[in-house]
Each structure stands twice: as structure tokens, then as C-alpha cells.
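A.B. asks: According to Swiss-Prot, the domain 'PA' annotation covers 105-176. Look at Swiss-Prot and you will find N29, N40, N112, N135, N172, N189 tagged as N-linked glycosylation site, backed by sequence analysis. The feature signal peptide is assigned by Swiss-Prot to 1-27, with sequence analysis given as support. Annotated topological domain 'Extracellular' per Swiss-Prot: 28-194, in sequence order, evidence recorded as sequence analysis. Marked as topological domain 'Cytoplasmic' by Swiss-Prot: 218-419. The annotation zinc finger is assigned in Swiss-Prot to 264-305 on the grounds of sequence analysis.
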Amino acid sequence: MSGAARAGPARLAALALLTCSLWPTRADNASQEYYTALINVTVQEPGRGTPLTFRIDRGRYGLDSPKAEVRGQVLAPLPIHGVADHLGCDPQTRFFVPPNIKQWIALLQRGNCTFKEKISRAAFHNAVAVVIYNNKSKEEPVTMTHPGTGDIIAVMITELRGKDILSYLEKNISVQMTIAVGTRMPPKNFSRGSLVFVSISFIVLMIISSAWLIFYFIQKIRYTNARDRNQRRLGDAAKKAISKLTTRTVKKGDKETDPDFDHCAVCIESYKQNDVVRVLPCKHVFHKSCVDPWLSEHCTCPMCKLNILKALGIVPNLPCTDNVAFDMERLTRTQAVNRRSALGDLANDSSLGLEPLRTSGISPLPQDGELTPRTGEINIAVTKEWFIIASFGLLSALTLCYMIIRATASLNANEVEWF
């Protein structure tokens, strides 16, 4: 496997960490400190001697708002062309301010335009403060961003409280409001507990991953060593068995020279005078130069699959199938020229046929195109191992990135919003 191919997963892991580090975190905005606002509301209903009062503890000063106390009557925008205007975004937004009112506070709903536009429009009509209520019932107030609005105080409250106040104003009931500075809330930075959690989680993940990889490669090494020992044992046994097999030289008049006699099943050539042949225990005959490499690897007859080790009593309990596959590429390279020549002669000679060899259970020799997948299979195996290693690295990087984002992410209540 090439170095570039190995570097591919590593580049993915590096890219994952880079993406994590460049994540457009809203936590940077959320890390801004903010101040809570304590709001007391007094409602004077007609015909009621004692005014109704309630307190709002979940208000929040805007980021660019002065943190100061203010008091005044609450007013909502007048309808525009008969349509209620709760947002304060329209250029025609107006407020009816009674002549006896010196300080008043605008009540507006969030949405449709930026906080800066709403606050600036209320300030244009001389409001001393703006209270903006949320437009989503289940959301807490956020820290509003409204640079350039001057000295006007801006506070956000929940939708529920805002609509409660608005309901009184729509009935022409006087509502007085006092806004006081509450608690300063420090930035919500990466807490020590989160850091410990991320560190422990990542260490545990890496330990598990490393243990799995160590176990995997130990097993692989053990398997490889056992296979190599078995191969050496079989190789030694095969050499010993080959030395005990009968070898003779074909002479004139021997049955092997008969045209009807089976050809050598390995090289598919007929036997000629002075050829050295090997006679196996099953009585099958092959060229010595052809069958010896085969027996060294397979220790079985190429035709009937007889185990020569068992037949000769050398290794009776060790099957030849434990050995690795015979390297046909090496054999065919040594016999390539002769085999192709023999195949050409057999194709041109109608008196000779390959049918007896086929019926004898001989597996056809692979062609050159069939040998190339062996290298491809090796590459696939190596690629698979590197993929397993790289997968754990990539998974660890992504997990660490996810945990960091989760640990640093703040609640919606700590977000800074522009509109």
C-alpha cells in the first residue's frame, strides 16, 4: 500500500480536528457576561382600591444597554391604519404619551427587525427604556445586541409576561414599571468539570481502541507465526516424502511413450524418451521437474489428491490443506513456454485430446490473467488493516470534537442575539 494511500485516513482525522477547531461556535458570543433585570409591575385597575403588583425575575439587560435603574409608565405602539402594531418596526410607529407623563417605557414584541431598530425607534419618541418580550413561549430571554442605541435602557422578558402586560394596556389600564439591576452573570466558559469529562472520556476511548488494536495484532502475529511454522514443517515433510518417491527415466518402448498414455497433468506434455518421471504412491506418473514443485507446496497428487505424507507415513495427522495455496504463478513461469507450445501442438493435432485429463479430476491451470488477483488480494488485505487502524484514529478525533462542542455549548439562555 502506498504512503499516499496510508496518509488518506490520517488526513481525514486531521481535517476532522481542524473542522472542530474552526467550528463557528456561538459559545464565543455566549461567553459574554450579562446582567439580570428585576422588574416590578404595578397595575392600577379602575374601581380597585389596591393596585395589583407582580415581579419579573427573569428579565435580562441588553448587551449594549446601560445597567441602571429606571421607572416609568408602560406604553404600547398605537395601531397603524387600524392594525395593531406590537413589533415597533414600521417607520410609522407612534406612541400616545399623555401630557402628564414624564418618563415612559415602550413595550415591544421581538421579531421582524433588529433589536437596534426597535430600540432606536422608541428612543426617537423619547422613551427612557424599552422592554422587549420574546416571541416564543418556551424560550428564555436572550442577551440582546444593539450597538449605537445610546443611553436608552433595553431589557428582554419572556413572552408570557409580556403578553400579560400587553393585555392590561389593551384595556386602557395604567401599568407602572420599575426596572432594577439584578445579578451579574459571569461568562460561561469551558468549565473544569467539562474539561475533566472530555479528558476522561477521550482517555477511556483511546485505551479501548489501543487494547483492541493490540489484541488484533497479537492474534494476527500468532496466526502468522503458527502458519509459518506449519509451512516449514510441511515443507520439510514434503522434501522427505519426495526423496522417498520412485524416480525413473523413460526408455524407448515404455508405456509412457505410447500416444494413448495420459500426458503429464501439470505441463500437459507427452512423455518422451529420456524424460525423468516421478511415480507417486497412487501410481500416477508426472515429469519430475513438474511435480516436485507441486508436491513441495501441496503434498498431494495433482490428479487424485492423494496425500503423499499420509501414504508414506511421514506426517499422518497433519492435513495438507493447512498449507498455504500453491504459488501457481511461480510454477507457470518456469513452465510457460513449454505449456504454451504443448497447447498449440494439441490444438493442431486432432488425434490427441484433453478429455482423459478432464475426467481424471484435474483442475485447469490458471492463465496469466487469473494469477494477477493474488497481488490484488494482498493489497486488499493490507488496505483493510490500515483502514482498521485509521478508523479508530478518525473515530477518536470525531468523538473528541463532538465532546468538546457539547462541553462548550451553552444553553439557549446564554445566547447573544441581534433580532
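Residue positions begin at 1 at the first shown residue.
Each residue, glycine too, has its Cβ placed from N, Cα and C.
Predicted, not measured: the structure shown is a model, and the values here were computed from it.
Are these features on the surface or tucked inside, and what touches them?
C.D. replies: Counted within 10 Å of its Cβ, the other Cβ atoms near N40 (N-linked glycosylation site) come to 14, all protein chains included.
N112 (N-linked glycosylation site) is surrounded by 14 other CB atoms, counting those within 10 A of its CB over all protein chains shown.
Secondary structure from DSSP puts N135 (N-linked glycosylation site) in coil. There are 14 other Cβ atoms within 10 Å of the Cβ belonging to N135 (N-linked glycosylation site).
Look at N172 (N-linked glycosylation site): DSSP puts it in coil.
Remark: secondary structure over the zinc finger (264-305) totals 11 helix, 8 strand, 23 coil, with classes taken from DSSP.
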A.B. asks: From the Cα of N135 (N-linked glycosylation site) across to the Cα of N112 (N-linked glycosylation site), what is the distance in angstrom?
C.D. replies: 10
A.B. asks: Please work out the number of neighbouring Cβ atoms within 10 Å of the Cβ of N172 (N-linked glycosylation site), leaving out its own Cβ.
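C.D. replies: Excluding its own Cβ, N172 (N-linked glycosylation site) sees 7 Cβ atoms within 10 Å.
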A.B. asks: Could you say whether, by DSSP, N112 (N-linked glycosylation site) belongs to a helix, a strand or a coil region?
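C.D. replies: Going by the DSSP assignment, N112 (N-linked glycosylation site) belongs to neither helix nor strand, so it counts as coil.
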A.B. asks: Cα of N40 (N-linked glycosylation site) to Cα of N135 (N-linked glycosylation site): how many Å, rounded?
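C.D. replies: Answer for this pair: 21 Å between alpha carbons.
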